[in-house]
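Peer 1: Submitted below is the structure of interest, expressed as structure tokens.
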């Protein structure tokens, strides 16, 4: 039977330190008390800037250059060239593509890009309609942003373009400021302004290394948000599917259902419903085939384009537009026009545009990061989160100047791109060029495309946004996480998209505060004859040491938020143990605070420790510190707390317990050790 880790550690300690007399814990105490000061705030800030802003390769080149005392001018030029090339490659990862790229890879990217375009063109038109924009703006968003991302992004599989959730988010927030029907030009300008703000926020998150802000939307909140948004999007498509004329501009489920009920008294067009439902069934069947047979993925990918072509031919031949079938009509041809002059910065709504841009930026980044990381893990490589944010930001900034609205990574199109065998970001370039060709030469063919088909295409993509199994898994794992999921779902469904997000973030914050302010306190005991201590409820075999009580506080920060709570729990525990010990006439004389879980401490935490020391000292109980971290021991030394407890500081719980046992004979009664 192999030796335990503690045995191995004991052997190493014997070889290196015990021979020097460290076995009694005196040397380890000196190690703690004489350790160097940790980096100051400004030193940590400077190190973070050097690490995150300056590329590591450039730093290595600079350091190597400093080490070399004499260098020729040619080698200096060569090193400058390498540093410049490295910097350019860090800014534009596509420059690294030529190293191992082969002709077979290019062929795969062309096929993947063409397959992606066949799905992207009809979806982009439908999502533009969902965003209350003309169809060509969806195509614009599938043309320029993918090109910019291909230059700056690091994900090989992600497919860039408009998505359903962001389209719904924009329409729900902005149509309350500008009416897209009464003032389409003003609404369009507001959308471009929001897109610019979204890009600025995204790029800023990446440049300032603020990617943690995106993590405020937990996985559970995203699951609930996506499910609620999918149901809302589906209900919004009833307008196109049923050819409803007077439809509500609100997005909550109650208003939408009321609008559908009120429209029951209006004239109905059965041909519109039959056409939309027939192709919806066709799309769902194609999607089912593509999921069941991985080799037939192209069936679900090309089905939307086939639906658009066939339905357009049916309407054109039968002239069904004269019998109540609503059609797209004119789609403006030509490439993306410049939209700089349409940006609004002098209007009273610029503040609302910035707020909407921030929300759209976070939602778009969250979806893109989830999509990119999931497919990168399948391929076995990592993507730089901050680099992705910068790429997304510049993509949307340039997009806002070229008549695009907020673009991000689409899960459904990325899955098609992956299944089609893409090898690099060139598939995005092929897709963008194909969309540009469609804008230049084929938009007039979309005149007779029925609106019901666009609704069917959007409806067929919604099942992938509702993950019931994941919601059930969240319920089994964590009830508070499920509460955030449910809050996002109900908030989006019954109030608004932004309210659902705020509710989910609020519940997540409440969970964090609850855990931080009320840390768990557990009684621990020694595991066998080792120096390891575990929770006695988790490990029933854990044993108490006679005269010693051990308690651990599970908190990484001892601060103003939880310091009083921790002190009260410790004092209550001491009082309860005193009542028990009275029956056995054993009076506790020492309290050992194990701070192995406490990463940092603030002034409130130190004050609480001092108050605890004073109150226990009045009762004849001494305080000892065990396992303090670097920041903690540094602050305890600066406040002279170590001197107040007469230097009773130990490197581990085991040493603290052994010291108490050795000193037990010197005390008038048995020893009590409280480890927190």
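A Cβ is built for glycine as well, from the same backbone N, Cα and C atoms used for every other residue.
Note that the coordinates shown come from a computational prediction; the quantities given were computed from them, not determined experimentally.
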Peer 1: What range among 352-372, 520-540, 541-561 does TrEMBL record as transmembrane segment?
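Peer 2: Going through 352-372, 520-540, 541-561 one by one, TrEMBL flags 352-372 as transmembrane segment.
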Peer 1: According to TrEMBL, which stretch among 373-392, 393-412, 573-592 corresponds to the feature transmembrane segment?
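Peer 2: From TrEMBL, the annotated transmembrane segment range turns out to be 393-412.
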Peer 1: With the ranges 142-163, 164-185, 296-317, 318-339 to choose from, which does TrEMBL describe as transmembrane segment?
Peer 2: 296-317
Peer 1: Which range is it, out of 418-438, 607-627, 628-648, 649-669, that shows up in TrEMBL as transmembrane segment?
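Peer 2: Range annotated as transmembrane segment by TrEMBL: 418-438.
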Peer 1: Identify the transmembrane segment range according to TrEMBL, selecting from 246-267, 268-289.
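Peer 2: Spelled out, TrEMBL records transmembrane segment over residues 268-289, not the other listed ranges.
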Peer 1: By DSSP, what is the split of the domain 'STAS' (558-660) into helix, strand and coil residues?
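Peer 2: Tallying H, G and I as helix, E and B as strand, the rest coil: 59 helix, 15 strand, 29 coil.
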Peer 1: Under a Cβ pair cut-off of under 8 Å, which of the recorded stretches 187-208, 268-289, 352-372, 418-438, 445-466 contacts the transmembrane segment (486-510) most often?
Peer 2: 352-372
Peer 1: For the transmembrane segment (418-438), which recorded stretch in the set 187-208, 268-289, 296-317, 393-412 gives the largest number of Cβ pairs separated by under 8 Å?
Peer 2: 296-317
Peer 1: Which stretch, 187-208, 268-289, 296-317, 445-466, tops the Cβ pairs under 8 Å count with the transmembrane segment (393-412)?
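Peer 2: Counting Cβ pairs under 8 Å, the winner is 187-208.
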